[in-house]
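As annotated by TrEMBL, compositional bias 'Basic and acidic residues' applies to 83-97. Annotation comment: TrEMBL describes 957-966 as compositional bias 'Polar residues'. Taken from TrEMBL, the feature domain 'Amino acid permease/ SLC12A' covers 111-285, 398-684. Look at TrEMBL and you will find 698-815, 829-954, 1056-1124 tagged as domain 'SLC12A transporter C-terminal'. The region 'Disordered' annotation in TrEMBL covers 80-100, 935-1008. Annotation source TrEMBL lists transmembrane segment at 106-126, 138-161, 173-195, 201-222, 242-259, 265-284, 400-420, 440-466, 569-590, 602-627.
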Amino acid sequence: MRIFTPAPENHQLNSALLLCVCVGTGDGNPKESSPFINSSDPEKNQQYEGKNMALFEEEMDTSPMVSSLLSNLANYSNLPQGSKEHEEAENNEEARKKTVQAPRMGTLMGVYLPCLQNILGVILFLRMTWIVGTGGVIQAFIIVFMCCSTTMLTAISMSAIATNGVVPAGGSYYMISRSLGPEFGGAVGICFYLGTTYAGAMYILGCIEILLVYIVPQAAIFKMEGLEGAEAEAAMLNNMRVYGTIVLSFMALVVFVGVKYVNKLALVFLACVICSILAVYAGVIKTAFEPPVFPVCLLGNRTLVWKGFDVCAKVIEKENATVTTKLWRLFCDSEFLNATCDFYFANNNVSEIQGIPGITSGVLKENLFGKYIEKGMFIEKIGVPSISDPEAPNSNTNSFVLADITSFFTLLVGIYFPSVTGIMAGSNRSGDLRDAQKSIPIGTIMAITTTSFIYMSSVVLFGACIEGTVLRDKFGEAVRGNLVIGTLAWPSPWVIVFGSFFSTCGAGLQSLTGAPRLLQAIARDGIVPFLQVFGHGKANGEPTWALLLTACICESGILIASLDSVAPILSMFFLMCYMFVNLACALQTLLRTPNWRPRFKFYHWALSFLGMSLCLSLMFICSWYYAIVAMAIAGCIYKYIEFRGAEKEWGDGIRGISLSAARFALMRLEEGPPHTKNWRPQLLVLVDMDGELNVEQPRLLSLTNQLKAGKGLTIVGTALEGTYLDNHPRAQQAEQSLRKLMEAEKVKGFSQVVISSNLRDATSHLLQAGGLGGLQHNTVLVSWPRNWKQAEEHQSWRNFIELVRETTSASLALLVPKNIAAFPSNGERFTEGFIDVWWIVHDGGMLMLLPFLLRQHKVWRKCKMRIFTVAQMDDNSIQMKKDLTTFLYHLRIDAEVEVVEMHDSDISAYTYEKTLMMEQRSQILKQINLTKTEREREIQSITDSSRGSIRRKNPAAVTTQLSVTEEQPGGSKEQKPEEEEQLIGDKSTNPPTPATPQSPATEGAVTPGEAVQMTWTEAKCDGEQAKPPGANTPEGIKDLFNMKPEWENLNQSNVRRMHTALRLNGVIAKKSQEAKLVLLNMPGPPKNRKGDENYMEFLEVLTEGLNRVLLVRGGGREVITIYS
């Protein structure tokens, strides 16, 4: 015996074969090359030739060797190009032909510094002092802490997602879309894109504000000199619009020419930010021992704009004379002491206070609490007395510092929040990082920790160093037009002015660089069809069209022209993005999906939920109407992607939720049967397929759609004959055909194909195994077997009757539409007409419920409902009608009621003839399907029986469908002997005589015409006495026809059933001839299987002459109730 011993060098490899390596790209893009299973690369197959692995050689084409897999994984670089590769592609034409180089940026350069640059920006320099002054140190600290906590919690969630596998370029969009699915991913991705774009507009507006207010005010195109109130504000906004558009065009041109310039300038801009912040801290330290001189002039308690005067006094002593100052001339009509002056100026003193008293001055105590003021009110010094005349009009308002906006707590939150955004800068560069899974968590959390410290310390230090009136002075008008934060800086305010100017320029360029790439990533995913044009770009991948759209949206933000108005808008979009990042992490953690294995371990679902709650709260705190608009935009995008977007399967968390919710609901459904009020038809639709695997009765699915007002389960099933191994491809093709038709007919449900050795068993398997747990079908919808009388269709009606029996045994309701081809399609409309219900026996209320459900559909909506019931001789038809009307009233069903009286009448000769024909046909059908020996025995027993001796046991219990073609020998042996014994046991015990030889036509397959001929010849002898030899001659047959004694030999049960069927059919045809649909109780099949074809005859007679009939059989339980 040879023992297989692996070579030493292959020992580890062979051990590794015991592992089941199951990995997937997760990106839903089948076109990408992949080192994993199912990748079709013929060259790889050559690597697997080896004698040591002969046991697995047949699987080598689909399952790669572990050694090959690991080597491919090590070299796998299926990442979209990051900005670094764009730069290389522009500089080096050959780089386009080379394989993408591995990114080389580490944590510091790739994540920490970009996050720092994006987080620290325009709000810190332009609005932070105003937020501290307006809200007070305490409230400002709460705002900063709340916002920084939100971003920290989001960063923890983002770190968990980012370390759970490879994150290609696309950053936050990629993470959200792969965690929450294409609908949420697309909606949040577009929101994040809009937020980034509006952030660009905000940075540009901040840049223009610094330029026109602090650097070169004289550059204003619309002059503000001498303008007051709304006019001055309008001139300022117009200046912002003009200059903003110019700067945007320039920046877009820079980005279009090449992202490499932006990347090269990024470090310069970051250096400006860091220098500015260091200058502020240096200035704070300097105030402890030598505060800078920035005097503030007060008139009473009102702050004056230090512009147009040099001395903060009404008069000064000059050469022993009292001389008025320039300030006097601003409020009085002349420079003389006896001039007429403004009331407030005349009654209040002018005082000068220090704008920067220093960190040791104790001013922090005054600034602890805020002072919210309305637009146009004066900036006043708290605690200083003043005399004013409430009735006197305010004049010279240009000389005072006024509030340019009505302030309140939620406004401050909305304006401040953009200053903590930018935490995604590192994850957005994931394509450029050396080790994204290590760098993103460390770099992002470090950056948030650093910036949070800077913001929180700034709040306290600004409140401790700067006078409250100066803090509330948004544009520094009281300190000679200096940037307020600049007054604190050392060595000069210009450090901050130029530093903040360049940092806002850099941040604007970064936004205009990042936003188009984000849009391009969304467009290339193909989940939003109308965005696909923006996936194209230049030869090196630069998103040209996306840049154009970004510039247009950014321009809309610039036209708003107010930094304070744009900030809350982008707050909404960023908060929504962060909210879904937290949701994604929480869901993945709670669902415990097997693929959720992040390397970052310091996360918890509770932290993610807290972060999500904070984001949602902040959205409505900032601006409830902006929040609703943002959510509406996201909702519209979500629904659009759901209905029109491409089908993507990314293994997202929403699918996991669906699975968990479905499992929970199914377990709850198992607790017991549904209450009658909750009963709805859960349909199992059985359809037949033709040879090309197309559905033979597509209108059956149209009817299914029309019945689905109940919103229940729908399973469309079909059966195929054969073995599963041989017919698996056919089953898949059939299932695809079913789904296609379901989609065309708008039937929402499931398709199921069952393969078995015969169709009877396959249908039975469908009936038994359909559904899951408590969510199972309770109603079977199957079409009436077409052409069941034809010889080749004998098996179809046998199967049909067996199906009726099985549904009865399983307590399932049964719906059988007859003439299904005449039923309306979903596109048709009945403008008038009736749905007639013939309520003969009570079956649980199905007959009442079905018309109600049908009338919910637009096809049947205009039809009226009529209910007919049948009264016997001893019934009070008037009282029946009253009771039925009351019953329908309690059921809340609108319908006309009619009671049809059916008097007892003699059984007509036509009934006897019809029954005779039926029995003769059934006898012939039965004989044709016997083997030759059995046929001879059967005919012998018939001819030997005496007149009137036939009393068949349950002769109408005829169910399944016989036919005129011969059965398989096995089938006849299983079914016939029992029937023969019953037949022979009931006959007289006369000794059998030799049978008359059969004609060739009866031994072979017979045509329908021959079958009819035989019906009137041989089978007629069923139940007659033994005839003399001449009885079989044509003359004898003629004599038998002239006499009617054979009527006496008919089974009286069959005669009565035929009588009922004919009478009912006559009444129904008379009353419902014009009805659009007739619903009718379906009688049950006989319990005994003898003469099954009689049952089919009864149903044919019952529905003869009716266009559309729906035979209904209840499931043995009440399905409709009068109670609420």
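Backbone N, Cα and C atoms are what each Cβ position is placed from, and that goes for glycine too.
Please treat TrEMBL annotations as automatic predictions, because they have not gone through curation.
Counting C-beta pairs under 8 angstroms (sequence separation of 6 or more), the transmembrane segment (602-627) reaches the transmembrane segment (138-161) with 3 or more such pairs. The domain 'SLC12A transporter C-terminal' (698-815): residue composition by secondary structure is 63 helix, 24 strand, 31 coil, according to DSSP. For the domain 'SLC12A transporter C-terminal' (698-815), the model gives a mean pLDDT of 83. Broken down with DSSP, the domain 'SLC12A transporter C-terminal' (1056-1124) shows 27 helix, 10 strand, 32 coil.
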